[in-house]
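Taken from Swiss-Prot, the feature transmembrane segment applies to 35-55, 66-86, 117-137, 154-174, 176-196, 208-228, 260-280, 289-309, 332-352, 370-390, 408-428, 433-453, supported by sequence analysis.
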């Protein structure tokens, strides 16, 4: 017999403990215990392609240019979609675990993996023709050839993501972050050895770098799969209910599509930024500097992503359990962590603004330009961290559609036009483009803050219950 969705009286449980009675301190500890390992896991996953790019780059400028172009194209057309779709499981699996509907977690996870596979097939077809597509778009034929060859060998990585990402959310929803951490770090060490072997020892160049990513991600997928299959920690949650499969697929796409829109709209904006920088007066300088700023911002962003994943998990768990007040305190705890980390890294970046550019370039002009943009980059650190946490709240509650609409308004109706106007009409060049990003992030932050502050948490818990019941009854 199944566990009840909510307590016996079917009423939302009022939480007597609030931030006044120390609940905030308790939540800070719980969110931190999830956030730190998840941030580390995200960094480890981010470093896999970075290491391959670094190793391939030592084989010449052509190899580096081709790999960089392929990385950009595959991120936009494939990996962003995979990362976005799996955001639905933060809602579904997290709330199911909180409601003690453990068998639903396995069904949701297997449904997500099954749904991802045909999407990967469609994306793979696009990647197969990447070389011809890039040439038709006016890219250099030699660079396009390297990029196309690299993308072909990344196709297995795409299918590995179809397994890794749902299993990651499956474990995260249960708070099983330490196994994730161990497997991610092991995979990173494994990747370094494989990448060196294929690229340097066997002399496979950029193709070897791409193959190394594929081998490493499949290693990660297999280790996670074995843990989920054989670990006693997943005994209750790995079960599959076949009659719920179709309804779970519908639920996956219902929340996955707007979740993917949330992420893709943000990723695509930065690719648009780089494209626009190539149209400025000094395209080599502007593109180099904006690429450095984007890389720096991305490296920092993995930390707020870890906090957001933790907040999303706590919020979804507590809404599923019918304890909305604790979910609310989890949001406050996440914002406290955001304030500390964004302040620390912003101060650190500003203090070293005159030398950070040397980590990427020996050009004094580039280094000085990066230093000039550092105050804006510091502001991006603050805003990106804030929006990351609140986007985590959105995924935990299940209102990804609001997040997607917010990104359209903030980035494409406000941020991008402002950036293009400042860059070209006001001749602020790269600084103008980044100002547009900051303005867009500010609008996004304001809208998310208003929505979160006005949220009826008891109503969100009731919606979580209805979501689970509709899934049980085979409704989407």
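Here the Cβ of each residue, glycine as well, is placed from N, Cα and C on the backbone.
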- request: May I ask whether the transmembrane segment (117-137) has at least three C-beta pairs under 8 Å with the transmembrane segment (208-228), counting pairs 6 or more apart in sequence?
  value: no
| the transmembrane segment (35-55) vs the transmembrane segment (176-196): 3 or more CB pairs under 8 Å | yes
Quick one: do the transmembrane segment (370-390) and the transmembrane segment (260-280) have at least 3 Cβ pairs under 8 Å, skipping pairs fewer than 6 apart in sequence? no
Same-chain residues at least 6 beyond the ends of the transmembrane segment (66-86) with a Cβ under 8 Å from one of its Cβ atoms are 49, 52-53, 56-57, 112, 115-116, 119-120, 123, 126-127, 130, 134, 139, 142-151, 154, 158, 161-162, 165-166, 168-169, 206, 209-210, 252, 256-257, 259-264, 267-268, 271, 274
Same-chain residues at least 6 beyond the ends of the transmembrane segment (289-309) with a Cβ under 8 Å from one of its Cβ atoms are 31, 34-43, 46, 90, 172, 270, 273-274, 277, 334, 337-338, 341-342, 345, 349, 356-357, 360-361, 366, 369-370, 373, 377, 380-381, 384-385, 388-389, 391-392, 430, 433-434
Same-chain residues at least 6 beyond the ends of the transmembrane segment (176-196) with CB under 8 Å of its CB atoms are 33-34, 37-38, 40-41, 44-45, 47-48, 51-52, 55, 168, 208-209, 212-213, 215-217, 219-220, 223-224, 227, 231, 233-234
Near the transmembrane segment (260-280) in space but 6 or more residues beyond its ends, with Cβ under 8 Å, are 72, 75-76, 80-81, 83-85, 87, 286-287, 290-291, 294, 391, 394, 400, 403-404, 407-408, 411-412, 415-416, 419-420, 423-424, 429-430, 433-434, 436-437, 440
Residues outside the transmembrane segment (408-428) whose C-beta sits under 8 Å from one of its C-beta atoms, at least 6 past its ends, are 265-266, 269, 272-273, 276, 279-280, 434-437, 439-441, 443-444, 447
